[in-house]
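Since the structure comes first, as structure tokens, the remarks are kept for the end.
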Amino acid sequence: MTALTESSTSKFLNIKEKGLSDFKIHYNEAGNGETVIMLHGGGPGAGGWSNYYRNIGPFVEAGYRVILKDSPGFNKSDAVVMDEQRGLVNARAVKGLMDALGIDRAHLVGNSMGGATALNFAIEYPDRIGKLILMGPGGLGPSMFAPMPLEGIKLLFKLYAEPSYENLKQMIQVFLYDQSLITEELLQGRWEAIQRQPEHLKNFLISAQKAPLSTWDVTARLGEIKAKTFITWGRDDRFVPLDHGLKLLWNIDDARLHVFSKCGHWAQWEHADEFNRLAIDFLRQA
């Protein structure tokens, strides 16, 4: 297979959904077969490619059409201030993208904020989802054991409010378990993404005031999710508490949970090979 690059897979389209009128969405696309849409997290400078460049190739080789979507207000997608909880608005953006591309049904893979987006989508559009793969998703309210917000979320908001290379480095150090994976290339790439779109950072903070994290909680509606669900978590996640994985397991009818040891908040990146194998096996099962 020809090596996939960000530029060779980069595309744009416009969607029209509530809160996103004539809105430009950026995405990366490759492969053929059943559609898998991968949804990134909510840290400053995040985007589809930076979140999933270690996953897109193996999924394409496994026979899937893969779409890495930049959520509204992130990376190359249009800027936006949201009056409603972000997971719900992001779910509408996923629906809008699917409508524009003529996709009736898709599997969703979501990390952190992307997981919250996937949960909202599964609740609001149950006939449009295939299977659901979640990695440390947000949107699940308080923890049974840990005071909220966790350390990583505090550093995330600090970086939004005071963008600097040092604050970025502090957040990434909490993000990953294996500190040897933190390279200047990783930090510089994320820092450049932050600097390219300062408007995204300001709008995120304004949106967080209008619809704070407490409004994201969809726990009461998890029982509505009928999609087969594969939940993964990093044992050492310092952004979203591990007991939220149990909350999902208890409330979603057809769910299973895998916990990665020596893993932070970015399972699909930090343990890419194992994650890819487990996730693809899950999608292939009847």
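Placement of Cβ uses the backbone N, Cα and C atoms for every residue, glycine included.
The annotation substrate binding site is assigned in Swiss-Prot to Gly42, Gly43, Asn51, Asn111, Ser180, Arg190, Trp266 on the grounds of similarity to another entry. According to DSSP, Gly42 (substrate binding site) sits in a coil region rather than a helix or strand.
What Swiss-Prot records for Ser112 is site 'Transition state stabilizer', and it gives similarity to another entry as the kind of evidence. According to DSSP, Ser112 (site 'Transition state stabilizer') is assigned to coil rather than to any helix or strand.
Sequence-distant neighbours of His265 (active site, proton acceptor): residues of the same chain at least 6 apart with a C-beta under 8 Å from its C-beta are Gly41, Asn111, Ser112, Gly136, Gly152, Phe175, Leu176, Gly234, Asp237, Arg238, Phe239, Val240. Taken from Swiss-Prot, the feature active site, proton acceptor covers His265.
Using a 10 Å radius centred on the Cβ of Arg190 (substrate binding site) and all shown protein chains, the other Cβ atoms total 23. Listed in sequence order, the residues of the same chain lying 6 or more apart from Gly42 (substrate binding site) and placing their CB within less than 8 Å of its CB are Ser71, Phe74, Arg86, Ser112, Met113, Gly114, Gly138, Leu156, Phe204.
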